[in-house]
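Below you'll find the structure, written out as structure tokens, and then a few comments.
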Amino acid sequence: MFGSPKRAALAAASLLAVFGNGPSVMAQETSSNNAVVADGKTFALNGENVSYRFRVNETTGDLVSDHFGGSITGNLFPGFGAEALGGWVGLAGRFRREFPDHGRGDFRIPAVRIRQEAGYTVTDLQYQSYSVIPGKPALPGLPSTFGSEEDVTTLVVHLYDNYSSIAVDLSYSIFPKYDAIVRSANVTNKGTQNITVEALSSFSFDFPYEDLEMISLRGDWAREAHRQRRKVEYGLQGFGSSTGFSSHLHNPFLAIVHPSTTESQGEAWGFNLVYTGSFSVDVEKGSQGLTRALLGFNPSQLSWQLGAGETLTSPECVSVYSSDGIGGMSRSFHRLYRNHLIKSKFATSDRPPLLNSWEGLYFDYNESTIYRLAEESAALGVKLFVMDDGWFGDKYPRVSDNAGLGDWVPNPDRFPDGLTPLVEDVTKLKAGNSSTDLRFGLWVEPEMANPNSTLYHEHPDWVLHAGQYPRTLQRNQLVLNLALPEVQDYIIDEITNILNSSAISYVKWDFNRAMHETPSPSNDHEYILGMYRVFDTLTTRFPDVLWEGCASGGGRFDPGVLEYFPQIWTSDNTDALMRITIQLGTSLAYPPSAMGAHLSAVPNAQTGRTIPVKFRGHVAMMGGSFGLELDPAELQEDEKAEVPGLIALAEKVNPIILTGDMWRLRLPEESNWPAVLFISEDGNQAVLFYFQLGPNVNHATPWLRLQGLDPKATYSVDGNGSYSGATLMNMGLQYKFESDYDSKVVFLQKQ
């Protein structure tokens, strides 16, 4: 016990021996851009507005965290952490640890847990050396951010357990322009006996003692990305996915903020795991008040055996720091992802307005009805026509969700001569009154198989299954095991054949169920690695195809998918009122340029709500990929007359949405008048989306203050007057709305 002053003093002395009394003076081994400064004892990563510092205790080799926040220079004030020792917490649990291992007196959740052949899970990872790399190496088999030597510098810190011969490399890549630090870790078995990695975090950080709050995105099918903000309490709290994919339920995103932090003011730390599989986000406030945040693999679905010489690499985690509130955090994510994550040529290219056949026809179509829908789409000004589910399956035709998945050949009853004649006819159509040819796109769900399919009858062993346990169906389908190379090759070959057969310029890649009955805990990660191989092969082979990800809506809206697919269907819920919440929630981490958003028919298929077409269109065009989800023949005449103008407006705002900065001025959960401002990359143009949700009877309408403008510049507002940026930001503007579900799109031009 530490009851007596003498024992407390002895304990304090021993604790200081382990972790040191404070940072030592930094030597000057510096990267060319000053982004990384290291001397083997202290380490500093420097961005335009961020500093990240940690050090090595020279006695024990432990890494100790010092700072992650606003820019600092010079020596650090010598802090302390060993005063209050009158408790039972192990000594290591009282300090801020950079990469906490397991079993040595730190009883908080560890960043790594490894079971050795003898059964114990103790590790003693000590600092060995470091290296600084200009640029950023790619992660083997995993999506990762990228950049040139001018964009990013990487620090790798090498740790080693002398008792078990386990090596861990910690990678820190700093993008100074974005105040972003990207981290990952790998574990290598340097010994002769097998080890099993049971937990591995990509990112770990211990915040100092202070009151903090955490923000996450929760939801379910058709109500993804609902913002949740709560106090960080003492003890363990967190969330994750065990579905085998990132999921609708929780997103692999976390923000840590102060209670006073708002959209535009205060500090915010954002974390986003670049991974599409099951994950875990853990936040623990320990007994000393230190808050630990970890993001990485879900330990319940990780049991990864490493033989001698083998390595397990974690996904990477992007962390950003903002002193400009939650909005500043989001804009850092957006800029980084547009420029250094999404590899597609379409990352910042104008996206064609499209019409998807799903909500217009569902499964009920043939070649003539599809062509009729394409004709009517072109007449409205649509430039891309997408044929959704229902076009494939020969022996088991896909006329419902009960059959056909896995058999990627055109349904001979619907398309007797294959897809080529249809594609040729559709791509001869002109978009509206222009000379632009209509493009053709296709829906696929290659990771699935129906039991009613030729594929399943020939290869029942290709689906996920656990011995003799029943194979649980969801949506009448099973999941192909992409951990198997032969399954990966089959999917690559089938999709290649389809894309080579006709002029298909767009693919919507869907995924409509969770993973059950996996054969082993490691299969989940093996599946994701196989999926990434498929994505990488196909997107590299067909770089001119615009790929869109989907998983029953936003079930796989994560950075891992974004590397390969520049846009993702945000939600199967196309109700415009709910979409405002979903899209603004998604924008906490993900750029609007990546969001698919469609104007659909009313009453809405998901909610039954009827909302004016203008409001529906304005909400949809806040996404980078604007489209229609309806049958034009079913539109009322007044609605049909408005649609071409909405398409033209969407095309006008699209370049600003794709490359500009987003400012969430008001949130739908906080105001009857949510508003979003997009400002072009050069600052010369801006577009304001302004909504009234409910009626406002006999009551004033609030003024709306803009943000992000140049206070000294003058702006033309919709061509009807000129106002200074200072006036628009400090006084604001005011509009009258006529009714509920009214909306306005306002253009600003810098003069």
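Even glycines carry a Cβ here, placed using N, Cα and C.
Keep in mind that what you see is a predicted model, and the values were worked out from it rather than measured.
Sequence annotations record features per position, and here Swiss-Prot assigns active site, nucleophile to ASP510. The annotation active site, proton donor is assigned in Swiss-Prot to ASP572. Taken from Swiss-Prot, the feature N-linked glycosylation site applies to ASN49, ASN57, ASN162, ASN186, ASN194, ASN366, ASN433, ASN452, ASN500, ASN720. Swiss-Prot lists 1-27 with the feature signal peptide.
Distribution of Swiss-Prot features across the structure.
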residue : record                      : contacts (Cβ under 8 Å, 6+ apart)
ASN49   : N-linked glycosylation site : GLY70, SER71, ASP179, TYR321, SER323
ASN162  : N-linked glycosylation site : ASP124, GLN126
ASN186  : N-linked glycosylation site : VAL168, ASP169, SER171, THR311, LEU312, THR313, SER314
ASN194  : N-linked glycosylation site : GLU117, GLN305, LEU306, GLY307, ALA308
ASN366  : N-linked glycosylation site : ASP413, ARG414, PHE415
ASN500  : N-linked glycosylation site : none
ASP510  : active site, nucleophile    : ASP389, TRP443, VAL444, GLU445, CYS550, ALA551, SER552
ASP572  : active site, proton donor   : TRP221, ALA222, SER552, GLY553, GLN606
ASN720  : N-linked glycosylation site : none
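Of the listed glycosylation sites, namely ASN57, ASN433, ASN452, the sparsest CB environment within 10 A is found at ASN433. Put simply, ASN452 (N-linked glycosylation site) is 45 Å from ASN433 (N-linked glycosylation site) when counted between their Cα atoms.
ASN57 (N-linked glycosylation site) and ASN452 (N-linked glycosylation site) have their C-alpha atoms 62 Å apart, to the nearest angstrom.
For the recorded site, ASN500 (N-linked glycosylation site), the DSSP three-state label reads helix.
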